[in-house]
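**Q** My structure is below; once you've seen it, I'll send some questions.
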Amino acid sequence: MPKLVIVESPTKARTIRNYLPKDYRVEASMGHVRDLPQSASDIPTELKGEKWSNLGVDVENNFAPLYIVPKDKKKIVKTLKDALKDADELILATDEDREGESISWHLLQLLQPRVPTKRMVFHEITQEAIQAALKNCRDVDQRLVHAQETRRILDRLVGYTLSPLLWKKIAWGLSAGRVQSVAVRLLVQRERARRAFRQGSYWDLKAQLTVEAGQFEAKLWTLAGQRLATGNDFDESTGQIIAGRQVCLLDQQEAEALRDRLQTQPWQVKSLEEKPTTRKPAPPFTTSTLQQESNRKLRLSARETMRVAQSLYERGFITYMRTDSVHLSQQAIEAARSCVEQMYGKNYLSPQPRQFTTKSKNAQEAHEAIRPAGNTFRLPQETGLSGAEFALYDLIWKRTIASQMAEARQTMLSVLLEVDNAEFRASGKRIDFPGFFRAYVEGSDDPDAALEDREILLPALKVGDRPTCQELAAIGHETQPPARYTEASLVKMLENEGIGRPSTYASIIGTIVDRGYAQLVSNTLTPTFTAFAVTALLEQHFPDLVDTSFSARMEQSLDDISNGEVDWLPYLSQFYRGDRGLEEQVKLRESEIDPAAARTVALEGLPAKVRIGRFGAYLEAEADGEPIKANLPKELTPADLDVQRVETLLRQKTEGPDQLGTHPETDEPIYLLTGAYGPYVQLGAATEEKPKPKRASLPKGMSLETISLEQAVGLLSLPRTLGEHPETGRRIQAGLGRFGPYVVCDLGGGEKDYRSLKADDDVLTIDLDRALELLAQPKKSRGRGKEPIREVGLHPDDQAPIQIFEGPYGLYLKHGKVNASLPEDEKPETISLETAVAALAAKAGQAKAKGGRRSTGTPKSGETKARTTKTTKKTTTRRTTSR
């Protein structure tokens, strides 16, 4: 009889099958086979009347979780049970972390095997690793199971207790989460700091100097013995120099006068300093640092990074990608050092094998950092990988190799020059030995730090040299507000604060964006007005749940539970049902929370209130005793909402939109408006005969304040015909779409060939020759390209394909015109047709319930003001069921 091996995914099954004897049968569980109920329909009929049933956790009975087998997993469970009937041994080979241990435990509970059962663990899928794992099987680790279950229960209690409160008090569909809400608050706090920021300005001088050996640059350092002010000397809340700072602050007039005075004065080298330094390579990747570097260097989201890493792991290219450890095994160190010696030579090897120590208290040193799999590392170009998979493997390979390379040696150079009563400083850097720089330089959110492998050479100088000043310029500077978080910097902050676990960061950030708490704009996470409202409510009424210190202590308690140092049941009881437990706090606070106040976003200094409505944020003010409401554009951020913007939106609402001018051909007025999706121009007013007048969005770089009448007429004429294709005779046009300006060639039969315009192209002036040049270039995918990641199957209703695509916010399912985010617990390689159909049906139902929404400010004939239509180790018995 065969031995049955169960893993999570078909990809992992295919890979591991290659390394097992022929009498082993490998099946995939497709992830979790049991979970807490996701909706009321999942709850067994006999339990629907229980007070706790909606939680899916029996808080009256030692927090016993109610586990159900989802509908889309019942067929899988049956397949596994049938396979087990023909097996003489069961081997559970799910991932080695808490989640994997939990899947194995649930499989045991469901399958109830009557044959010997083993737990097989490995951190890479290679022949050597699989053979070693087979010889060293163990039992399911109940501590890991309990740890995962406690986290799951705690997350459910927080989410399912607080979210309904948010629905009642702010808006339906909002959610709160143990880690999610803390992460959102971090974004909101940074945005508040940006609103409170006051800009300061300062001036300095920059000199271009020459000596016989060459040219160099120097900047003003001191004046009359006092250090010149820089941006770091300003108070962000006042825009003034921080009290007590003894610095020299120059304005434009003073800087220019100083420039004129110093230009004719002699310059002399006062001192030289050379300081040798060394730089050590960064440790190999953990889950967190991989997400950070991938975001900085590859512009991959945390979610996409983990998806690609999962694929690389399951196909045997890298070790397990969910780890807090920076430890490398002896075989990995030897493999890395062998690569270094072969590619760069012995002198680029570190003198001794370098081993890193994991700082995380709960990281397991038996686990390894993320590295290329195997006893020898495949070169990136020899893997056959492409796209994001190649880029991520290349990143992991380089980081691992660099960890065993010699330190980089460099010399920091500093030259002080004096001219009259001023001192200038020239700085340089000489790389004496590049060491690990040859392979890898760690990324940084600081652009200056990101250039640390670049030399800045100075000509040969000595004290007393008299350089000639070729040019002296006065340069103005303005201080900048605190930078918004990128995915990389948010992940780093969460890890530094001890909030959540790195393995969950990708899904947390994805959820924040999916739920509308943040927008991803130019790789930065910008919180929405809804995020402000929810954070304010939680800060006022449930401050512990969004406090970083409290969250870190909670995370530590959960780790202590997993280590057997803390009992899980008293902890849960105290958290949820204690005197100041969550259950009691929600009961007490619910009546105190005024919905009108909760829906109001507190932004100081504005002549209107910002409120959260059914369809998003809007302004509310009064004029002549009458209330005025105006929708806020979706791309408008809380930090950028100022008095001028508020007044413009309200004025458009009361007086109608501004009129730019009259169309030279139709004599119709051209209006300037702002809608939910940004600024646009409109030709004429809306009438019964013409309810939808011609509109055109403003392209990037154009604003309502600067657009000319000629430009507006041009935009309203789009798409414009440029001519015919010389080979096919088909029409070529230029236009403006959701992805920006483009040219398009009609191919006939409803098919069209599009190309985006380049930065230097203008949609209003591009000609046929340039359009043909663009159309001749290879077509690029925008992420929502024509090539799906996977086709799940045919929809049972219309036999149309259901496909998985990659979008700006992660992976999504597509069926016809309906798109739905890939469910959090599902993987693109393993999601079943039934689950995909259910997710699409739920999304279609939401869209139908919500209806549509039109933009603001459309003038109607005969009206003086615009109108807006808003359509816009546990001893308890777990409850289980397979219904």
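All positions are counted from 1 along the displayed chain.
Note that Cβ sites are derived from N, Cα and C of the backbone, with glycine treated the same way.
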**Q** Please find, within the list 175-180, 319-324, 373-378, 703-708, the residue stretch that Swiss-Prot describes as region 'Interaction with DNA'.
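**A** Matching range for region 'Interaction with DNA': 175-180.
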**Q** With every protein chain in view, what's the tally of Cβ atoms within 10 Å of the Cβ of ARG151 (site 'Interaction with DNA'), excluding that atom itself?
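**A** Around ARG151 (site 'Interaction with DNA'), other Cβ atoms within 10 Å: 23.
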**Q** Between the Cα atoms of ARG151 (site 'Interaction with DNA') and ASP95 (Mg(2+) binding site), what distance do you get, rounded to the nearest Å?
**A** 18
**Q** Would you mind checking how many other C-beta atoms are within 10 angstroms of the C-beta on GLU8 (Mg(2+) binding site)?
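**A** Counting Cβ neighbours of GLU8 (Mg(2+) binding site) within 10 Å gives 25.
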**Q** If I take the alpha carbons of ARG152 (site 'Interaction with DNA') and ARG322 (site 'Interaction with DNA'), what is the distance between them in whole Å?
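**A** That comes out at 18 Å between the alpha carbons.
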**Q** DSSP secondary structure for ARG515 (site 'Interaction with DNA'), reduced to helix/strand/coil, please.
**A** coil
**Q** Within 10 Å of each Cβ, count the other Cβ atoms and name the one among the recorded positions TYR160, TRP167, TYR320 with the highest count.
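**A** When each Cβ's neighbours within 10 Å are tallied, TYR320 leads.
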**Q** Return only the integer: C-alpha distance in Å from ARG322 (site 'Interaction with DNA') to ARG515 (site 'Interaction with DNA').
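**A** Cα-Cα, rounded: 25 Å.
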**Q** Out of ASP95, ASP155, which of the recorded positions is least crowded by other Cβ atoms within 10 Å?
**A** ASP155
**Q** Can you tell me which of the recorded positions HIS32, ASP95, ASP155, TRP167, ARG515 is spatially closest to TYR320 (active site, O-(5'-phospho-DNA)-tyrosine intermediate)? Compare CA atoms only.
**A** ASP95
**Q** How do the residues of the domain 'Toprim' (2-126) split into helix, strand and coil according to DSSP?
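**A** So the counts come to 43 helix, 25 strand, 57 coil.
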